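Quick look at what Swiss-Prot lists:
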BINDING   Thr127, Gly148, Asp170, Asn213  S-adenosyl-L-methionine binding site
Amino acid sequence: MDTIELTLTIPPVEHAPFLAELEEPATGFVQNDTELRAYVPAERWAAVDQKQLKARLAADGHPDALSIRPLESKNWNAVWEDTLSPVRAGPFLVCPTSVAPPSARDDATVLRIDPEMSFGTGHHATTRLALRLLAEALAPGDRVLDVGTGTGVLAIAACRIGADAARGVDTNPDAVRNARENVRRNEETDCVTVQEGSVDVASDTQYDLVAANITRRVLLELMPALVARLAPGASLLLSGLLRPQRDDIRDAVASHGLALDAEAAEEGWWAGRFARSPSP
């Protein structure tokens, strides 16, 4: 048993408190009009309070809304093929390889992404928000760092719209392998480099845009290192955050001398892009 899938059959308007409760143990979520799915690694399962989840669901009128099942690594492709379809995010269309390519009449930049055990498909609001804010900020020739790259979707997207080079880093070796496969699928091996590790493995240079779509706790822990990787005038893009966490994150980033430049919200989630002063 590698991962546990929790399915909460509740409408989107009721997702927020459960997202907050499962934010730390879960490594990813899938939301749609009828349910919320959370994916928790087996080693984090002890942090999930099933009794509290069931009590809260019952209090909200959903006593039978929770189902739990273990997932083996080999089952993930079937899981995603059953649930994924092309998703538009800003100028991008994120499309799994199990789905036929879109019509040539669509002017979107197509990203062919298969997630396997990683997250970052465009089916979660945090990825869509990050893709939109990235597209608005990226300039041709930029150097991009994607921390917690997952599927590699942000690094790949950056190269597809003009970045000179993008580096994705992730502490999960399965994510690193998956991201490298997606880089090959999108024919971006000359532009995207994927490495195992955290932001420290990218300490040899500075970047024009640093992106991190991870949890609030990890973002706060990594904040000094993320800011240190920014070139003068660069942008810091943070996603993976619930709306109530906005002010805490904004204040933490401001303490490093960066100002909120743009923000977006969707389905209870928030993302912000911060600008570093052009002067050292």
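Just so it is clear, glycine is given a Cβ too, placed from its N, Cα and C backbone atoms.
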CB contacts for Asp170 (S-adenosyl-L-methionine binding site) [other CB atoms within 10 A, all chains]: 25
Three-state secondary structure, Thr127 (S-adenosyl-L-methionine binding site) (per DSSP): helix
Chain-internal residues, separated by at least six, CB under 8 A from Gly148 (S-adenosyl-L-methionine binding site): Val169, Asp170, Thr171, Ala212, Asn213, Ile214, Val218, Gly240
CB contacts for Thr127 (S-adenosyl-L-methionine binding site) [other CB atoms within 10 A, all chains]: 29
All-chain count of other Cβ atoms within 10 Å of Asn213 (S-adenosyl-L-methionine binding site): 27
Coarse DSSP state, helix versus strand versus coil, of Asp170 (S-adenosyl-L-methionine binding site): strand
Recorded S-adenosyl-L-methionine site residues Thr127, Gly148, Asp170, Asn213, farthest C-alpha pair in Å: 16
